[in-house]
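First comes the structure, then the notes that go with it.
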Amino acid sequence: MSRVLVIEQREGEEKTLIQKHIFRPFPNTRRVVIDHLQRLKNFLFRIGDDWYFLFALGVIMALISFTMDFTVSKMLNAHRWLQQELGGNVLLRYLSWIVYPIALVAFSTGFAQSITPHSGGSGIPELKTILSGVILEEYLTIKNFGAKVVGLTCTLSAGSTMFLGKVGPFVHLSSMIAAYLGRMRTSVAGDYENKSKEHEMLVAAAAVGVSTVFGAPISGVLFSVEVMSSHFAIRNYWRGFFAATCGAFVFRLLAVFNSEQETITAVFKTSFKISFPFDLPEMFFFAILGVVCGLIGCAYLFCQRWLLGYVRRNSLTSKLLASDKPMYSALVALLISSITFPESLGQFLASRLTMKELLTSLFDNRTWWISLSQNSSLDRSPLVDPNNLWLEWANPQFTIFGTLAFFIIMKFWMFILATTLPMPAGYFMPVFVFGAAIGRLVGETVALLYPEGIAADGIVNPIIPGGYAWQGAPAYSGAVTHSVSTALLAFEATGQIAHILPVILCVLIANAFTQKLQPSFYDGTIIVKKLPYLPRIRSRDIDSYKVNTEEFMNPDIRVLPREAGFEDVLKVITASDDSEYPVVDNTESQVLVGTVKRPQLIHFLETHESHERAGPTEKENLSEGNLGEACSIEPVTFQLSTWTSLHQAHHLFELLHLQKAFVTKYGRIVGQVTRKEMKKAIEDLANPK
């Protein structure tokens, strides 16, 4: 088969013909095969739609999660081995204890920030902003993905010393993979780029991120509903459940293949008595636990938001964060690791345990103060005993109550300080462990008050402090994140459902306090970082129904009549840098007929140069006509009325992911509302002057 290439040379008026032979045998067979493959692709996409990509998303994230856990486990074991080999040399053990997390944290910060500054933190506040319709550049790029994976692995390898997790970053990582798979789907299927499809993939990705950390698909989907989206389409349930189930199943299956488990079991094993896990009078103490978690959650949210803002405002820390972020992270790691050194204050903080071991020990079904009083000779082993992790909380100088209280007080401010580090890190697992410690302290206190148990109907049942820890974990984490899905997460992660009613009660009570008094952890971060995210209207007391759009809209807008010429367009386009401009029927009626994009106006100016400025020869090449004839005017499919209330406008902005909307009165354009005006109106009503 041959192909003729024609090369034309204008100057010499010569034409050269080159005949190039291309070997393509069996043209008919090749044409038939290509046709059948195209039909197969169309059939598969018609049947499966985007299910293939959701399956791939779940499997990829499960592989990444397992690989990261495996790597972190080896790194932590190496650090533990090094501590053991150094023997009784306290100085070398101290240097080993602090240098390890300092090096990892500094490298995590430096590596991630050198690739992209958007890789720090959990990523959930930014993802919430993206799901609300705002475009944030480079937050979902593959470059950011690589920086976050390497940085997060180093962060987790620092161990429980830094007291950080991986849930938030994994939601962010899952969203990056989903965005990439979405672009791949567009190119493979030959579809146009659909923002709705992209939004659906990102919502499913949030569920996958949680499910591949805890192996909990149901709570992952509920997390994506509660935390990530202001409005959730029911059709996304199937996508979320399918992708999350695939991810959770593969993640748990890999643990079996790696001989970590004999079969698919709970991530955090418990051994509570199922036949009679709690007595009815204990519901009073469960309610108290919910109140305690709610109040401490409010204090934590306030202090965390204040410190995060203070670090950005303070001249010393802001200069350090601007010029040398790894140094700031190293200094914070030095402070925290020095405090948690096991030969010093760390012996009262169970600092030798990993995050998973901390949670498992707090869920222990023994009553610690009774066990220690009956076995006063118990002493901690030089090595961590995996069968008696709870002994790490025992100390001859402190009671169990003192150790737990000291842990809660110290971890409260150390974790708040760790959240200011500009490196990839998650903050859900720490608050989950912190809540378990609060619950354990309350449970041990109740067991001290009723050492024989609470009698009901002549039957005395002992108090199980581990059950209180199991309720405190979802209650406190739910209070901090303003979610109820943490209750279901506790059920799925432990395989325990005996305390279902007390857990839900604790979570609801704790949420009642924090939702009334403080924004959630993620919303607070959005506020401090000043991300373009609409605040929620949480109370009807601010009279959002009584405020009309006319009261907070921006009446100063640039409009173009349909018959606008060169001078009119030039005047408007130089007066503002808007991306689009409203077009009216004429200057007298001001009836809105559509919008025109800024690039079209620039092209209009380039092709319709002013005849007054053009020379005699240039006038012949100029196009004639006005704006309506030369530009494509897009119709306005949505607009607000001056009588639309603030509450209705806010609801529509969230539901339709709007960035701005024009305001009309009897068809005449009178102003526009952007997210800036909406946010200011809500803040003015919530905080009247």
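Each residue, glycine too, has its Cβ placed from N, Cα and C.
Look at Swiss-Prot and you will find 630-689 tagged as domain 'CBS 2', backed by sequence analysis. In this model, the domain 'CBS 2' (630-689) carries an average pLDDT of 83.
Taken from Swiss-Prot, the feature intramembrane segment covers 117-128 (among others), and the record attributes it to similarity to another entry. Here the intramembrane segment (117-128) has long-range neighbours at 109, 136, 138-139, 144, 147-148, 151, 167-169, 171-173, 175, 202, 206, 227-228, 421-427, 522-523, 525-526, 529, 531, 533, meaning same-chain residues at least 6 beyond its ends whose C-beta is under 8 angstroms from one of its own.
The intramembrane segment annotation in Swiss-Prot covers 204-225 (among others). Proximity of distant same-chain residues to the intramembrane segment (204-225), defined by a Cβ-Cβ separation under 8 Å and at least 6 residues beyond the stretch ends, is recorded for 54, 57-58, 61-62, 64-65, 127, 166-167, 170-175, 177-178, 232, 236-237, 239-245, 247-248, 251-252, 267, 483-486, 488-489, 491-493.
The annotation intramembrane segment is assigned in Swiss-Prot to 350-361 (among others). For the intramembrane segment (350-361), the list of distant contacts is 76, 80, 159-161, 163, 165, 267-269, 340-342, 384, 386, 389-390, 392-393, 403, 407, 429-430, 432-433, 436, 473: same-chain residues at least six beyond its ends, Cβ to Cβ under 8 Å.
The intramembrane segment annotation in Swiss-Prot covers 466-498 (among others) and is backed by similarity to another entry. Through the fold, the intramembrane segment (466-498) approaches residues 210, 214-219, 222-223, 225-227, 265-270, 272-274, 277-278, 285-286, 289-290, 293-294, 296-298, 300-301, 359, 362-366, 428, 431-440, 442-443, 446, 504, 506-511, 513-515, 519-523 of its own chain, all at least 6 residues removed from its boundaries and within a Cβ separation under 8 Å.
Annotation source Swiss-Prot lists topological domain 'Cytoplasmic' at 1-51 (among others).
Marked as topological domain 'Cytoplasmic' by Swiss-Prot: 523-689 (among others).
If you look up Swiss-Prot, you'll see 52-83 (among others) marked as transmembrane segment. For the transmembrane segment (52-83), the residues of the chain that approach it from at least six positions outside its boundaries are 44, 93, 96-97, 100, 104, 149, 152-153, 156-157, 159, 166, 170, 173-174, 177-178, 181-182, 184-185, 201, 204-205, 208-209, 211-213, 239, 242-251, 254-255, 258, 352, 354, 384, judged by C-beta separation under 8 angstroms.
What Swiss-Prot records for 92-112 (among others) is transmembrane segment.
According to Swiss-Prot, the feature transmembrane segment maps to 142-161 (among others), an assignment based on similarity to another entry. Long-range neighbours of the transmembrane segment (142-161) within the same chain, counting only residues 6 or more positions beyond its ends whose Cβ lies under 8 Å from a Cβ of the stretch, are 64, 68, 71-72, 75-76, 79, 97, 100-101, 104-105, 107-109, 111-112, 115-116, 118-119, 123, 169, 172-173, 176-177, 180, 333, 336-337, 340, 351, 353-355, 358, 423-426.
According to Swiss-Prot, the feature transmembrane segment maps to 162-181 (among others), an assignment based on similarity to another entry.
Among residues of the same chain six or more beyond the transmembrane segment (237-256), those with a C-beta under 8 A of the stretch's C-beta atoms are 50-51, 54-55, 57-59, 61-63, 65-66, 200-201, 203-208, 210-212, 215-218, 220-221, 224, 262-264. The feature transmembrane segment is assigned by Swiss-Prot to 237-256 (among others).
Annotation comment: Swiss-Prot describes 283-311 (among others) as transmembrane segment, evidence class similarity to another entry. If you look at the transmembrane segment (283-311), the same-chain residues 6 or more away from its ends with a CB under 8 A from one of its CBs are 317-318, 321, 412-413, 416-417, 419-420, 431, 435, 438-439, 442, 446, 468, 471-472, 475-476, 479-480, 501-502, 505-514, 517-521, 524-525, 527-528.
Positions annotated as transmembrane segment by Swiss-Prot: 326-343 (among others).
For the transmembrane segment (402-422), the residues of the chain that approach it from at least six positions outside its boundaries are 105, 109, 113, 120-121, 162-164, 296, 300, 303-304, 307-308, 311, 321, 325, 328-329, 332, 335-336, 339, 345, 348-350, 393-395, 430-431, 434, 437-438, 440-441, 444, judged by C-beta separation under 8 angstroms. Swiss-Prot lists 402-422 (among others) with the feature transmembrane segment, giving similarity to another entry as the kind of evidence.
The transmembrane segment annotation in Swiss-Prot covers 423-442 (among others) and rests on similarity to another entry. Panel annotation: around the transmembrane segment (423-442), residues 105, 108-109, 112-113, 119-123, 147-148, 151-152, 154-155, 162-170, 285, 288-289, 292-293, 296, 300, 329, 355, 358-359, 362-363, 401, 404-405, 407-408, 411-412, 415, 465-466, 468-477, 480-481, 486, 521 of the same chain, lying at least six beyond its termini, place a Cβ under 8 Å from a Cβ of the stretch.
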Positions on the same chain near the transmembrane segment (162-181), where near means CB under 8 A and six or more residues out: 53, 56-57, 60-61, 64-65, 68, 101, 105, 121-124, 126-127, 130, 139-142, 144-145, 148-149, 152, 155-156, 198, 201-202, 204-206, 208-210, 212-214, 228, 333, 336-337, 355, 411, 414-415, 418, 424-430, 432-433
Distal contacts, the transmembrane segment (326-343) - CB-CB under 8 A, six or more residues away: 90, 93-94, 97-98, 100-102, 105-110, 113, 158, 160-163, 317, 320, 349, 351-352, 410, 414, 417-418, 420-423
Secondary structure content of the domain 'CBS 2' (630-689), with strand meaning DSSP E or B: 24 helix, 17 strand, 19 coil
